[in-house]
Amino acid sequence: MEFASPEQRRLETIRSHIDTSPTNDQSSSLFLNATASSASPFFKEDSYSVVLPEKLDTGKWNVYRSKRSPTKLVSRFPDHPEIGTLHDNFVHAVETYAENKYLGTRVRSDGTIGEYSWMTYGEAASERQAIGSGLLFHGVNQGDCVGLYFINRPEWLVVDHACAAYSFVSVPLYDTLGPDAVKFVVNHANLQAIFCVPQTLNILLSFLAEIPSIRLIVVVGGADEHLPSLPRGTGVTIVSYQKLLSQGRSSLHPFSPPKPEDIATICYTSGTTGTPKGVVLTHGNLIANVAGSSVEAEFFPSDVYISYLPLAHIYERANQIMGVYGGVAVGFYQGDVFKLMDDFAVLRPTIFCSVPRLYNRIYDGITSAVKSSGVVKKRLFEIAYNSKKQAIINGRTPSAFWDKLVFNKIKEKLGGRVRFMGSGASPLSPDVMDFLRICFGCSVREGYGMTETSCVISAMDDGDNLSGHVGSPNPACEVKLVDVPEMNYTSDDQPYPRGEICVRGPIIFKGYYKDEEQTREILDGDGWLHTGDIGLWLPGGRLKIIDRKKNIFKLAQGEYIAPEKIENVYTKCRFVSQCFIHGDSFNSSLVAIVSVDPEVMKDWAASEGIKYEHLGQLCNDPRVRKTVLAEMDDLGREAQLRGFEFAKAVTLVPEPFTLENGLLTPTFKIKRPQAKAYFAEAISKMYAEIAASNPIPSKL
């Protein structure tokens, strides 16, 4: 007599609660038994995700999967299960879309800007073989690491495809990384070759003797006659991209395709503290993540995608893999974010994936224009906006009348064809999301993920009009919430379970490169990755991010503080562009450093009749500080912050937190230790002010 394995019994239990009978809705053939929620104590229907019949060690039923694939985690594209690697994915695209436009750029060889010129999928395939063969010509071997140290342009993706075809490991570097970080990554990954541009070449040459593993530097956009000559004995060859192409074409090599379990890339996370960590991702990891995402969001050969987010970031990388699978045309921005709107007008993309930072700028620009347009136009916009919003809320198709009268002009700001907007990397305000949906008449979806999960952990589902959450689990993973008692978050919380978000599935990275200790800190023995983010389950199985565990600290009285939660509240203040919350175990209260919005400050000062010579002087005016802190307090009360979570003092600064002043990571997260040191004097003064004005000492 044969006994079923635990895995088989678990699968049968799940299937027993699923009705696979035919329905009119062919988009999803899996539906939960109508009696499941009442007949079973552990398997119930949520609109977008399901709770599995898996009892955890804690005795709780707390593992969620996407409703679209509850019985099996997705690891391959459902329509093309033969695609197991990035190489397979590109081969599929070339075979299917060889003559289609693929890579477009406005930047001419002489540096001038014109119309987009395009390379087809077939042409890109030919170039990737030449680049791969050129690397072999220079002694780069299968399994060696190859660096990419330049901003988005067609050559970046060609090199990445070459790495996949010949089983090299691609290692992207942010072009904004400082010399020390670049040096660390090159040495830590033991890079054999690195692709750069003339600007980043100068950085590499400044410490060439300190990166001994490098044997080949390829300069993209540089002419051979302008390349520097290196002294004999360095062991390093510098060639132009065009020369490498020529060398490769003269000696083409057959591909050396990787296996799904082979390393595809090592992505170095910028990190808010310490040195960068190398996230090891396999071909199987990346394919699984994008395949899972494709179950819900689909790209088509008719789509045009604008690429401006750093390709060194996993968000943009995953979008490109999805684009290849769908045969999408990718147009690159000209390299200047301040001219991005001009690129939109010329490219007229249908897909726009960005971060809240830019969406907020679009929102501010449109609302500012509406406010200054006059009473009649402002009122017309409000009527059109509210009418369209109400239709969306009620599940009706908004009248095209309002688009013709009001919104088509706004749509033209992004080229007039955008059908899909994606947002990630940080939370998008619900107000901004609703605004984008209404004004641009397109699908706007927010996702949540991290480099260690190959990108997407969860994303909003098509047709879900509720904002303020990050959707249901990617069909390629399962999610659970783990109690964090020190922050008073538990999966028993009512009305919504809360806890640290943990993820498991084929999307989970293999570990940090050469760092077993930090790998063990984030990845447990059962394969669960602990994200450090705090989430809750909303009705319908939607995940909402509410806090951050990793950056918590204690105040003197023992209360735990999650600064990012508080900063997200305060950045809604009209005066606040950026906010840094500081506290420590020596003080019982928090203080805030606020980078102000210059235009709002100037307008407010003018309305109050306050005279000043420069923005710095205005920031130091006690009346201004008092007003800003009062508005921050109002937002804190509205968000129901606890008493000890309120900032008791604020310092206003005219300059923004930037990559250049060392206060932000390349993904625009605050570097807390650096910010603490940078603003040490201001922090000390604020605590002195609190102590002087409060009979109860702030220090314990």
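Numbering starts at 1 and runs along the chain as it is shown here.
Keep in mind that glycine also has a Cβ here, set from the backbone N, Cα and C atoms.
Taken from Swiss-Prot, the feature ATP binding site covers ILE266, CYS267, TYR268, THR269, SER270, GLY271, THR272, THR273, GLY274, THR275, PRO276, LYS277, and the record attributes it to sequence analysis. The Cβ neighbour count for ILE266 (ATP binding site), using a 10 Å radius and every protein chain shown, is 25. DSSP assigns ILE266 (ATP binding site) to a strand segment in the three-state reduction.
Residues or ranges marked as compositional bias 'Basic and acidic residues' by Swiss-Prot: 7-18.
For 19-29, the entry in Swiss-Prot reads compositional bias 'Polar residues'.
Marked as region 'Disordered' by Swiss-Prot: 1-29.
Summarised as a single figure, the pLDDT of the region 'Fatty acid-binding' (526-550) averages 89. Marked as region 'Fatty acid-binding' by Swiss-Prot: 526-550.
According to Swiss-Prot, the motif 'Microbody targeting signal' annotation covers 10-18.
Shown for the region 'Fatty acid-binding' (526-550): DSSP residue counts in helix, strand and coil, namely 0 helix, 17 strand, 8 coil. Spatially close to TYR268 (ATP binding site) yet at least six residues away along the chain are VAL171, PRO172, LEU173, VAL185, HIS188, ALA189, PRO276, LYS277, GLY278, VAL279, judged by Cβ distances under 8 angstroms. Secondary structure at PRO276 (ATP binding site), as computed by DSSP, is coil.
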